[in-house]
Amino acid sequence: MFDKYRKTLVAGTVAITLGLSASGVMAAGFKPAPPAGQLGAVIVDPYGNAPLTALVDLDSHVISDVKVTVHGKGEKGVEISYPVGQESLKTYDGVPIFGLYQKFANKVTVEWKENGKVMKDDYVVHTSAIVNNYMDNRSISDLQQTKVIKVAPGFEDRLYLVNTHTFTAQGXDLHWHGEKDKNAGILDAGPATGALPFDIAPFTFIVDTEGEYRWWLDQDTFYDGRDRDINKRGYLMGIRETPRGTFTAVQGQHWYEFDMMGQVLEDHKLPRGFADATHESIETPNGTVLLRVGKSNYRRDDGVHVTTIRDHILEVDKSGRVVDVWDLTKILDPKRDALLGALDAGAVCVNVDLAHAGQQAKLEPDTPFGDALGVGPGRNWAHVNSIAYDAKDDSIILSSRHQGVVKIGRDKQVKWILAPSKGWEKPLASKLLKPVDANGKPITCNENGLCENSDFDFTYTQHTAWISSKGTLTIFDNGDGRHLEQPALPTMKYSRFVEYKIDEKKGTVQQVWEYGKERGYDFYSPITSIIEYQADRNTMFGFGGSIHLFDVGQPTVGKLNEIDYKTKEVKVEIDVLSDKPNQTHYRALLVRPQQMFK
């Protein structure tokens with residue numbers, strides 16, 4: 001009876017199969033999206049990480065001379081137009097569409113050549129609203145609002161990537177376990193060490209000169225604030241463009257490479273023995289990547305093991321293997337505290353304490369290890385926040401927020417130091433650059449950096465000490481602890497965009513350009529921020545990331561600027577307002593679609 005039933009079942013299956021074949025019906029499943037024009041289907045957010053992008057599938061077409069235009073919204077909308085090269089066409093197997101508006105029926109034109117003919121398609125690409133996954137009772141708005149102050153003629157096409165963040169409801173809930181005192185029992189609490197609590201949700205977007213969001217990196221791409229997984233925690237920072245139009249970045253225990261379509265090209269854990277990557281990543285002409293990290297299980301001179309804070313530079317290749325290491329605890333002087341004791345206790349990098357804003361920091365000899373001001377390995381004595389690579393002599397230039405700007409060779413020897421002279425001992429004291437005026441005449445400055453009868457000034461708690469295309473050194477001079485003291489009133493503080501010319505043979509430094517002092521406290525960013533010279537329009541681009549940080553209950557202003565180099569006229573000024581009060585921004589950078597899809 002069982003055999004009879006089995007034969008009937010098999011016969012029925014065969015009949016159904018033959019019936020499907022006879023009628024030409026496809027196998028079970030839904031049909032793919034049909035072509036939207038003369039090429040293939042349009043796929044919004046093809047990699048699941050950038051919802052304001054799309055892809056026109058090639059559908060096996062072989063095309064060339066591709067140009068994409070995303071039309072502006074309304075009469076004043078900013079049009080985004082760019083070419084697409086063969087490498088990108090092959091990488092995506094489609095035409096990349098970048099710069100869509102959120103929750104909008106975007107009009108997009110794609111032009112190309114195929115079989116010697118000029119072709120063109122117009123598309124309507126629908127997008128949904130972008131979402132901030134990290135809102136709580138502190139939220140002022142869902143997204144970070146923008147306010148366009150000024151855009152001069154000729155700058156309407158500018159696009160700015162804003163690398164900012166938003167607080168999570170749980171705050172910093174993870175710590176590295178430090179080494180217990182030798183007399184501690186097994187049940188005694190263990191101390192914290194390292195910078196694992198440096199943890200916040202990313203908020204990464206591109207804004208146009210109408211203040212519209214034109215790109216968004218999904219917050220879940222690299223981060224997960226709902227799971228206690230250190231591989232998905234940290235502070236997404238150091239977003240820098242590569243020559244290929246991709247971007248490197250760091251976050252906690254990983255470093256990445258990604259592109260504007262949201263494709264993650266590299267995702268590497270930090271090498272064993274290192275932790276807490278923040279602030280900076282940069283690809284060198286050799287194809288390696290420089291990262292700022294801390295050292296795990298570092299044995300101090302007193303025998304105590306700690307995780308160090310922002311004082312090691314790693315060079316890694318694209319497979320993640322270590323090429324070189326700069327250990328600043330051996331190269332510099334981790335006991336120097338000349339600036340540390342002059343800082344505002346209310347803000348150190350993005351660690352903000354409103355209760356102590358405006359008060360001068362106090363250095364205690366027994367300061368606990370961890371992400372706190374203090375001297376020696378295991379404390380925040382260096383705070384390196386930027387790296388520049390100088391190809392002419394295979395050296396690196398570091399902005400050490402708590403020490404100064406330093407150039408170090410491949411041999412780990414200091415070439416020069418740009419900082420006030422106080423606290424530097426031999427042999428490092430001999431590396432201090434000597435200020436000169438435009439005629440090469442020495443400028444007299446006291447040990448705190450106050451200079452006589454001159455506009456020259458050093459930088460204090462600075463960021464982004466980078467080499468410009470002119471060969472000069474440009475720096476965002478935050479200005480906290482200026483002249484190694486706190487002023488009588490907090491409102492006397494100011495920040496500057498500043499440019500120096502360094503003569504390495506003579507060991508001198510000349511200040512050749514500055515901007516911002518005249519704008520006073522309303523331009524003051526105590527922490528974070530960036531400047532970078534833009535040769536295409538002879539401007540100094542800057543982003544003050546922490547303006548009005550200490551205004552209780554108010555959004556923090558991130559101010560995007562382009563300043564005419566010759567006249568110092570403001571060409572662009574756009575404010576970005578944090579979505580929660582007293583929450584700092586980090587950096588911003590100019591992006592050029594014309595260079596991103598080669």
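Glycine is treated like the rest: Cβ placed from N, Cα and C.
For the 4-methylumbelliferone site, Swiss-Prot lists His383, His463; matching the candidates His268, His279, His585 against that entry yields His279.
Using Cα positions, the member of the recorded positions Cys445, Cys451, His463 nearest to His279 (4-methylumbelliferone binding site) is identified as His463. Cys451 (disulfide bond) has a Cβ environment of 17 other Cβ atoms inside 10 Å. A Cα-Cα distance of 10 Å separates His383 (4-methylumbelliferone binding site) from His463 (active site, nucleophile).
Long-range neighbours of Cys445 (disulfide bond) (same chain, six or more residues apart, CB within less than 8 Å of its CB): Pro420, Ser421, Pro435, Cys451, Glu452, Phe456, Phe458. Among the recorded positions His279, His383, His463, the residue whose Cβ has the fewest other Cβ atoms within 10 Å is His383.
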